[in-house]
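Quick one: this structure, given as structure tokens, is what I'll be asking you about.
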Amino acid sequence: MANEAALRTSLIWLAAIIVVVGISTRSFKKMMATYVVGGLGIAGVLLPDWGYFNRDFSRWTSPVTVEERASHIASTRSGSKRFKVYPIRMTVYTTVYGFALYKWWVFVSN
């Protein structure tokens, strides 16, 4: 349920940002670029299977075992954070999202 609420809230904020970009730039192309970048950004954060990615980086090439899946479900129910901070993940996310936001900003601001 919390995942659906986070997705719903993110999409509402994205719609508000699209409206602001449309009003300020009067450009349908820039609105659509905002929609695509925002949609991909939301999908990249909210939709991945965190039970799979919340493991050591070296284990990403092997399937999730039943025990790992069960421990992930148990830890999620006990109230632990859904998104754990790992250095490699944060580096990749920062690089990818930073570049995407930079390119989006250059496109929208021109």
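Yeah, the Cβs are placed from backbone N, Cα and C, and that goes for glycine too.
Under the heading transmembrane segment, TrEMBL lists 6-25, 32-53, 90-108.
Quick one: how deep are these features, and who are their neighbours?
Within its own chain, the transmembrane segment (32-53) has Cβ neighbours under 8 Å at 3, 6-7, 10-11, 14, 17-18, 21, 60, 64, 68-69, 72-73, 82-83, 89, 93, 96-97, 100-101, 104, 107-108, counting only residues six or more beyond its boundaries.
Beyond the transmembrane segment (90-108), the same-chain residues lying 6 or more positions past its ends with a Cβ under 8 Å from any Cβ of the stretch are 21, 25, 30, 33-34, 37, 40-41, 44-45.
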Same chain only, please: residues at least 6 beyond the ends of the transmembrane segment (6-25) with a C-beta under 8 Å from a C-beta of the stretch. Say none if there are none.
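Cβ under 8 Å, 6 or more out: 31, 34-35, 38-39, 42, 46, 108.
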